[in-house]
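A.B. asks: Let me begin by handing over the structure; questions about it come next.
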Amino acid sequence: MNANGGHDIQLVIITGMSGAGKTVAIQSFEDLGFFCVDNLPPSLLPKFLELMKESSSKMSKVALVMDLRGREFFDSLIEALDEIGETSWITPRILFLDAKDSVLVSRYKETRRSHPLATTGLPLEGIQTERELLEELKGRSQIIYDTSDMKPKDLREKIVQHFAADHGHTFTVNVMSFGFKYGLPIDADLVFDVRFLPNPYYIDSMRPLTGKDQEVSSYVMKWNETQKFLEKLTELLSFMLPSYKREGKSQLVIAIGCTGGQHRSVTLAEYLADYFKKDYYTHVTHRDIEKKSRK
């Protein structure tokens, strides 16, 4: 029970770019036992939550998909979020799904569907319009997933790992390795560049391996600069993480980048996740590990 006599509700609002994976997301929340509503008009959101508060069903987990169909729809959503924000009995979390424009265009071509905001029928026009309209909403979002390199199962796994009630944590440290050659991860809160470390790519026996292999991991970790860097980085993060948690942040995405996302970044991401798991719920992902390594 909360201070107002109602029951506590975990509310997740799923929004973001059309084609970024909202259908997969809502299905994943259903699998987690959330009460799910697809395309609830924003103007009805405050009333919907009041009804849930007064309901005898005591649903404690709710996920709502809210799509952008036009500027009027967007304005209503912002107003609804402001109204909810003035209440003290519920704090919604916004999950924003994003992807690169080129990926979204490709997905629309594969499905042969029209973008809802494309007046000329060209997907890119609608995508650019939608991205501009959603800029403020993205800025309000507590959780941002870049699904550009995700298969549906990857997105489903990420949601389950983040929102599954059985892990009993309200703050998650997500450590991600990536390759700079494939672009920066747009959902990262902190990015660290480890391209200054000796690169096992140039050793023939290690080139086809990854940082999850012992031979590569031992090579990366044996250098003095690696040990010094990790000493300073863990000290910095140990200072920062409690403050992020205190501010109410539900997750922190720490991205470690090397050239191709195969060797150095993978080794260090694995190390950091293991280092902090004693104090935080941690999850490690390797964004580019399955991509073919090439120079």
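Along the chain as shown, the residues are counted starting at 1.
Quick reminder: no glycine exception, Cβ is built from N, Cα and C everywhere.
Residues annotated as ATP binding site in Swiss-Prot, with sequence analysis given as evidence: Gly16, Met17, Ser18, Gly19, Ala20, Gly21, Lys22, Thr23. Here Swiss-Prot flags Asp67, Leu68, Arg69, Gly70 as GTP binding site, drawing on sequence analysis.
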A.B. asks: Quick check: in three-state DSSP terms, what is Thr23 (ATP binding site)?
C.D. replies: helix
A.B. asks: Applying the rule Cβ within 8 Å of the centroid of the Cβ atoms of Gly16, Met17, Ser18, Gly19, Ala20, Gly21, Lys22, Thr23, what extra residues of the same chain belong around the ATP site?
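C.D. replies: Other same-chain residues near the ATP site: Ala25, Leu97, Ala99, Leu104, Thr147.
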A.B. asks: Using Cβ-Cβ distances, find the residues under 8 Å from Met17 (ATP binding site) that belong to the same chain and are at least 6 apart in sequence, listing them in sequence order.
C.D. replies: Leu97, Asp98, Ala99, Leu104, Ile127, Glu130, Arg131, Leu134
A.B. asks: In whole Å, note down how far the CA of Asp67 (GTP binding site) lies from the CA of Thr23 (ATP binding site).
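C.D. replies: About 11 Å separates the two Cα atoms.
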A.B. asks: For Gly16 (ATP binding site), name the DSSP secondary structure in the helix/strand/coil scheme.
C.D. replies: strand
A.B. asks: What is the separation, in Å, between the Cα atoms of Gly16 (ATP binding site) and Asp67 (GTP binding site)?
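C.D. replies: Just about 7 Å between their Cα atoms.
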A.B. asks: For Ala20 (ATP binding site), what is the tally of other C-beta atoms lying within 10 angstroms of its C-beta?
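C.D. replies: Its Cβ has 24 other Cβ atoms within 10 Å.
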